[in-house]
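Before any comments, here is the structure.
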Amino acid sequence: MSTAREQPIFSTRAHVFQIDPTTKRNWIPAGKHALTVSYFYDATRNVYRIISIGGAKAIINSTVTPNMTFTKTSQKFGQWADSRANTVYGLGFASEQQLTQFAEKFQEVKEAARLAREKSQDGGEFTSTGLALASHQVPPSPLVSTNGPGEEKLFRSQSADTPGPTERERLKKMLSEGSVGEVQWEAEFFALQDSNQRLAGALREANAAATQWRQQLEVQRAEAELLRQRVAELEAQVAVEPVRAGEKEATSQSVEQLEARVQTKDQTLKNQSTGTREAPDTAEREETQQQVQDLETRNAELEQQLRSMECNLEEARAERERARAEVGRAAQLLDVRLFELSELREGLARLAEAAP
C-alpha cells in the first residue's frame, strides 16, 4: 500500500451530516461533536477521497469525481452529493474561513481528478509536476503512478462515477427538497453547544474567583479598620504624654524650693550651734527633715514614672510607625484587590456579551 494513501492532503474539523435516506429532506447528524474530515490521495487506484472516521466506523468515504459540486448553503455549512454512495453529505464548520478552505481544496482535488482521468484516457503517463496540491500536513503524491493494463481498469472505475440523466435529475431534486434552514440550524446548534460549554466553564471559574476575591477583600478591609483604630489609640496616648511631662517639671520645681529651704534651715542651725544662743527647735528641724525625705522619695518615684513613661512613649511611637506601615500596605493591597475585581467584572461582562 502506498504511504500517500495513509497520509491526508488536507484536514479540518466539522460537524458531519447525511441526508435522511427515507425522507430525502432532513439531515441526520453523525454525532454530537465535530469530527476530523480529510482529503486523501489513493495512489494505488489513482483517485482522491474525502474520509471521516467516527470511532471505528467510516462516517464519510467519498471518492471525488469531476462531476461533483460542493455547494455552500450558508456561511458555515456546505454539502455535496455522492452518487456512488447514493447520499448527500453536509458539513457544518466553526467559521466561514474553514468552510472556504474546504471548498477551495474541493475544487483543487476535483480538478486534479479531472486531469488524472483525461491522462488515463489518453493512455499517457501523468505526473503531478505542475498540479501539486497544497498540503497542510505532508507533500502530495503524484496523481497517477500506474501505466499499462491497469489504466483500462482505472478508466472503467472512474467512468462508473458519472451519473446518468435520470440519476442527475434525482440528485438535483434531492438537493432542492433539502431543508436548508434545518441544515443551518443543526450545524449552528452543535457549534453553539461546544461554544456554550466552553463559556459556561469559563463563567464558573470566573464566578469562583470573584467569590474568593470578595472574601479576601472583606478580610483586608477588616484588617485595615483594626489598624486604623490602633493608630488612633496610639495618637491619643502620644497626646497625653506632654501633660505628664509638665507635671514632672512642676514637681521638680517644688523639690528644688524645698531643698533650698532645707539648706537655709541647716545654715541657721549651724549658726545657732556655734553661738551662745538657745538650743535649736528640735521639733521644727525634724519636721523639716521629714519633709525633705518625703520630697526626695516623691522625686525618685516621679523620676521612675518619667523614665517608664518615656519608654512607653518610645514604644508607642514605634508601634504607631509600624501601624502606619501596616495601614499603608493594607491600603495598597486593597487597591490591588479592587483593581482585580474591576477587571474581573469587565471580563464577566465581555463574556456575557459574547455568549449567544
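Glycine residues also receive a Cβ, built from the backbone N, Cα and C atoms like all the rest.
Swiss-Prot marks one residue of S83, S159, S179 with the annotation phosphoserine, and that residue is S159. Every protein chain considered, the tally of other Cβ atoms within 10 Å of the Cβ of S120 (phosphoserine) stands at 24.
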